[in-house]
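Take a look at the structure set out below.
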């Protein structure tokens, strides 16, 4: 319905679709003016009504009525734009034949246009030209922009963030009087608690129907499809549009390799994957050091020729601006023990307490064992540090200490030497012994540094050492043991028990102490045994000679036919003298081995010879229970010592 517009052109009231639109125009504005919606839309194959009102100067009187022309694309006739509608004739552009109709009354300044069965090719700008006759023709520069849609519009926010409420609105134009659309959402079954609301918006005589879907998206909804369907009841016109949800969410998972073990010198690949939208900036961190980064959904860090220094915690961090997440793994580098670090070799004083440290590195942690001269000492420690405590070390603690480190991949060791210094200690082997040539005194002592040995004869106030060459003095050092020996030719005076009296002191000393001891005089057992064995040997020789003489005499008698009788030696002392002489020569020879000098008051004494027992040889008559025949039939004789 339209109202008459007075010529005075004070104001115009136009009603479209039962909607009141008022436009108050002053007299000054009553020039060539037009009102059309700047934007209007319609679905393909439907129709659209473009509302239009125009004005012309009040002083113009239409000549032969008022006519109007609708152009498409251009407002200037000289450019020959396509004619959409022309009131004077039916000559229109081919694409608009039978499609357009003027709904408004031009005399009422209403130029509203209807376009039926429109297609996407009809989208564009539409201009109206008023023809009042003569030179009063005017093409209005204002235009209506028509958008012909083949699918509905969905208003999607520029950014959809997970866990934040989302509204999606689907729009359908309602500018076709004979068709009323309806809107329906599709693929919403998987959405959490979706809500729907409809609305109708009419502005500038254009109408839009909308339906809003509200829900809270989750990361799992990223990439899911949603659809909006617009349909016209009782027709076959159906329009659909699908969208894929692009939901932004912070990293929700960071996957890395499980913690692993590698051998020293090998290679390993550390892989990291991050689930986020958009793809994050992924970085591999080792401590505070960034080793590698990239903007991607996954990244791999390659480590070649791995060393123990690369053992530790590796962290993968994903950050996409919406949040940050990280996951770590531990890389263990296995290797055999390194050469242990131990104390330096040392020299300590007896009684000192020590702590020997042994430290090493190895993976797995090695066992540490302390050995002294190859023997186990202390306890076995399963750690990278072992301390061996030695309380008040003794001379027996002197030696090599070795720390042995072992694990399943190998072994290594380091050693140190401990030298224990201590004051001299006299050994029990120290003594004076009566020997055949006189008296031999031996003094043995151990100490570190090795002790110096001197002999002192208090009766003569004489000190015998290496610097004194008057006496037969001998010293020897073996390790920390020193041995000193002197030989005195005289045996000294007899004491009550029948032995010689010798007064010899042994003095031992080093930088840590001195000690002087009177050496005990002992009868040498070996010498006594030699005398006994010599005596028995002499008797055996004489017995052998007698037996031999008797055997020869017996044979001679047998050859002469004389009857058998026992033989008696007429001069057995002759054989004894021969044996004794041999023994004397033997002693003389032994005595020449050393140069023995008389000492002190014993110098005037003559050397005492061994006393041999006199032997009485009894005739070879068998005695009851004392003589008999040997196994070979020969006779034997008893030897008796007086």
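Including glycine, each Cβ sits where the backbone N, Cα and C put it.
Annotated range for transmembrane segment in TrEMBL, selecting from 527-549, 550-572, 573-595: 527-549. Note on the domain 'Ig-like' (337-419): mean pLDDT across this stretch is 93. Residue counts for the domain 'Ig-like' (337-419) by DSSP state, with H, G and I taken as helix and E and B as strand, are 3 helix, 52 strand, 28 coil.
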